[in-house]
Amino acid sequence: MNDDIKTVTVYPTTLELTTPTKSANGSNDDYDPHQHRELKNPTTNFQTFAHFLKASVGTGVLAMPSAFAHAGYVNGTLLTLIIGSLALYCLHILIKCMYILCKRQRVPYVSFSQAMNLGLKQGPPWLRCLAPIAVPFVDGFLAFYHFGICCVYVVFIAESIKQLVDEYLVVWDVRIHMCIIIVPLLLIYSIKNLKLLAPFSSAANLLLLVGFGIILYYIFEELPPLSERDPFVAAGKLPTFFGTVLFALEAVGVILAIEENMATPKSFVGPCGILNSGMSIVLGLYVLLGFFGYWKYGNESEGSITLNIPQSEIPAQVVKVFFAITTWISYALQGYVTAHILWDKYLAKRFKETRQTFYELIFRAIIVLLTFGCAVAIPDLSVFLSLVGSFCLSILGLIFPVLLQICVQYTEGYGPFRIKLIINLLLLCFGIFGGVVGTYVSILDIIAVYK
């Protein structure tokens, strides 16, 4: 560590980062960061698992049949599993590198942005110049990405309510429905810790289960011959598929936040841990809904499969209510990351401790109003889903974790024939290529919508 670095603020606590001290045998092996975490409201394994499922199964899963229409059912199945496996691998290496850096610094926890800062300082010399901008850069991307998700959620909830109100009461503009949901959003977003949010996530998962059951009922009703669907499609459509799937699968900020808040973080990354078990369920669900949804509706698959099922039937309307409720809960979970970063790391220290609770609630209310404002200004915000997935998540979920591992392994070596470096460089190229191409195609799609 450079001598000019004295302290680093790690939310929710402040940790002193000094030159790592070593044990008598000259190593840091005796220090286990997990045993030194002190949390005010730690979550149990079950609560963490509920949060993981809710964070990973959002509105993006409803777009999977449409994503498969841009890939074909064979390509879609294989590529979803490949992208999901790569995303899972990158989450593993990210959490592992953060743990290694904690051991080296002998601190209980470092955030994603601090890990990038420390890793770049210990990595190849030509990368060390990037260390000073790592913290604001990573924090900015995470806060912006999860803020963007919340904007999309406002649109989704309002549109779901509008469809029901239009059917039974009166036809209003979607912006009026956005105004109506401000108060419920303010209420759920005022819950400031994950332990209190856990019962909401558990309830949301039950509603999701019932909702998916109803959707699958409609899907399996009079399935057409599979021969009417394309196993493969033109390669030009794949970038849109890539962005949609990555957006649906990755919630890196929430995943890191729930791991940080665990009472037993060792249970998160084990072979049968929460990360592997949860991602297996999520991947299975995404492939199931994507494959059979595309089989049923083909190229007519809408951006949300709830628009394909009969709109006037009671079960279909129940699905919309359930997904509106679960998305309302997801708003608090995804928005937690934005508030967690901006308030705890940058704003809280500007106020007296006795007034921080009040001002944090004000700050959270401002975030809700900003997401509302963005949704009102651009009600077609859902068209940006693939763009956000391709750009932000290729950086946060693929490129940064791989770059961090390259830096962390620099002093220890990359193994025989530098095999670890080669693997990481291949993943880096995949992330850059997917991000650039996906972003380009998504921008073209947005231009086409607004022509």
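Please read every residue number as a count from 1 along the shown chain.
The backbone N, Cα and C atoms fix where each Cβ goes, and this holds for glycine too.
Membrane topology per Swiss-Prot: Lys162 and Lys266 sit on opposite sides, carrying different topological domain names. In this structure, the CA atom of Asn75 (N-linked glycosylation site) is 15 Å away from the CA atom of Asn299 (N-linked glycosylation site). Taking all protein chains in view, 19 other C-beta atoms sit within 10 angstroms of the C-beta of Asn75 (N-linked glycosylation site). The stretch in 137-157, 168-188, 321-341 that contributes the largest number of Cβ pairs under 8 Å to the transmembrane segment (49-69) is 321-341. Below 8 A, the CB atoms of the transmembrane segment (238-258) and the transmembrane segment (321-341) form 3+ pairs separated by six or more positions in the chain. As a quick check, the transmembrane segment (137-157) and the transmembrane segment (358-378) clear the bar of 3 or more Cβ pairs under 8 A, pairs 6 or more apart, so the two touch.
Contact between the transmembrane segment (358-378) and the transmembrane segment (421-441) is not supported, since fewer than 3 Cβ pairs fall under 8 Å when only residues 6 or more apart in sequence are counted. In three-state terms derived from DSSP, Asn299 (N-linked glycosylation site) belongs to a helical segment.
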